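Asks: Please find one structure pasted underneath; my questions will follow.
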Amino acid sequence: MVSTESSAASTATVSSTLRWRAVQGKDAPDTLAFGTADEEEEIRTKLDRSHAADDEKCRLLLPEAPQLTLEWRDLALRVPVANEPGAMDKVILHDANGVARPGELLAIMGPSGAGKSSLLDCLSGRNGNAEGRIMINGVEGWTPKRRRMVAYAMQDELFHATLTVREHLVFQARLRLGGQVSKKGCLDRANAVIEELGLTGCRDTLIGGWMLRGISGGERKRLAFASEILTNPAVLFVDEPTSGLDSCMARAVVEQLMQLATKRTVVTAIHQPSSEVFALFDRLYLLAEGATVFEGPPCEAISHFASLGLPCPQFMNPADHFMEQLVVLERATDHEGLARVQRLKDTWAEQQQKHQAQQPSDAVDVVVYEVEGREENDVEGPEYDYESAHLPLWGQIEVLAHRNALRLARDPMAFRLQVLQTFIFAFLLGLIYFQLQIDQKGIRNFSGAFFYIVTDQVYSASMPAIISVPVELPIVYRELDVGLYRIGAWFLAKNLCELPSQLALPTLNLVPIYVLIFGFFGSPGFWVFMQMLVLLVAMNSSCVAFGYAVSCICRRVDIAPIVGNIVIMPLLLLGGMFVDPERVPAMFRWLELVTPFKYGYFGFMRAFWRNVANIPCNLQDATADCTPMTGHDVLQDYNIPDQSVWGDVWSLIGLSLFFRALGFIALHFSLRHKLS
């Protein structure tokens, strides 16, 4: 691989040579122009040579992607106006035409709302509602195989904050390439991309997020590019690569895109670049109100605007000048801006019509390249099965479970807080009910203690689960959209990774409670303790599943906890403590089947009282209703059937499976609707 110093030198050469310089011309006296074509060609030749070794090593890991020329004709997109029945559809794109070729960096520019991101979505096949023609090497339409040769780096970068740069790329490589590349090959590919994108200095740094310090903004952008080029795509779409970056970092990011464009087709949407960034573009595509107003080399855009009486002032950034001419401040009042933009659109449309009239036919003008003896119009590319490159289901589960486990291990604070909460409530309960006596007065105390244990378990287990799913969903949406894995693989991996905590936390909860209430050698015995522990583990699992179900249905981190509390309250009332099961109205009795409170509370009562053969009764202190003389009598007084505790355990396991299935079904249909 090329060294960091050589890459920096190459970057400095490009930046210093492609500087703006003032020229005086007859048509555009105060415009800015690029260096000569010979100078630019010399720079690109040096850049190609400096990264030749890098490209050669990448080819050893993956087959070379086909070079694809992308062309679009008469592209139009309309969307219905929300909350306005009968209103006309809003025009997003109108008669857009253009071409993107391999070896060139095409920049789509325009004011906010001009349709830049929408055009990228249509060209990449993400939005299938557009009208018009999209051709790849002269062949119309995106097939599933061709779409797998495309990568899309979105504007907002979404990463797991507690992973390092290399770990993230290795997991991405295994998910994208693991079906045909070994683990060692995935690691090698990740390392190759790290060096290619200049991420060597931060390869072992945590990515970080809004609460965890990590890599810089420019490094996050390059990491997003690195994630997408792991599969060596033929076409790379990038949405707003410089948003949120300073001018120096933005230039470095665009220089990386220019490097990536040497072997593939790169199309980027950018809002308002600096002059140095603008100088790096090979071709410029200007949009205004969804229509094309210019497409060609950036230096020709300056003369085009000057020919229309809109020359770029001396020493002004051409990108700023173009934005000033294309923006319409307010359609109702900015009549001058509307007329100017309309003239730009009409002029470009007339020029395109004249150009097409001069063509011998309306066939697509596709440039054919020779790549190692193979013509570029071989659209299907090399013999590489993009479908089988992805891991099978169990492989996806393994990788996702490994990634989740690593994330949890890197974030010990959350688990520590759960352990602290468990101990605090356990010791609080144990001290309040310290050394309870099995007598007539202790019956109600035992009942209250058991119900409190159940209630604490419901809230402490369900609330973190309710929040965890919505927090992860943005990344899940992104990765599902590019087909990294199935939703079932992610759901199973998440459940598997949290099984250890579902065993540890109930144990840490029950041990101090049992010791404080019954003593080290309490009368119930070890068998009762084991029954209660199994019951509490099943209880915890069902409550976590309940949290998954609520969060998968709501899918909003601010709404899901509220909905969870609303659902928990009636389940709490029907838990068997506050209302006699026989007094519950018939219309609500079905809720008793899905409340973990009932199975947990009844289970604890059965596990304890079925092992109590005698309850002492002091005739001097006892009242006339001193009738519960055995544990069976207590169960009868509380209308709890005298059955085995294992029935409650199996009921809780059934609830756990039911809630998980409910959450998965809700999530599956919501994702299918969102990604359709």
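Any Cβ shown, glycine's included, is placed from N, Cα and C.
Quick paste from TrEMBL:
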type: DOMAIN; residues: 70-314; note: domain 'ABC transporter'
type: TRANSMEM; residues: 413-434; note: transmembrane segment
type: TRANSMEM; residues: 503-521; note: transmembrane segment
type: TRANSMEM; residues: 527-550; note: transmembrane segment
type: TRANSMEM; residues: 562-579; note: transmembrane segment
type: TRANSMEM; residues: 649-671; note: transmembrane segment
Asks: Just to confirm my parser: what is the rounded mean pLDDT across the domain 'ABC transporter' (70-314)?
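Replies: A mean pLDDT of 88 is what the model gives the domain 'ABC transporter' (70-314).
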Asks: Apart from its near flanks, which chain residues at least 6 from the ends of the transmembrane segment (649-671) lie with a Cβ under 8 angstroms of it?
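Replies: Tertiary neighbours of the transmembrane segment (649-671) are 469, 477, 480, 487-488, 491, 495, 534-535, 538-539, 541-542, 544-546, 548-553, 555, 594, 596, 599-600, 603.
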Asks: Below 8 angstroms Cβ to Cβ, which residues of this chain, lying six or more residues outside the transmembrane segment (503-521), approach it?
Replies: 418-419, 422-423, 425-427, 429-431, 433-436, 449, 453, 456-457, 460-461, 529, 532-533, 536-537, 539-540
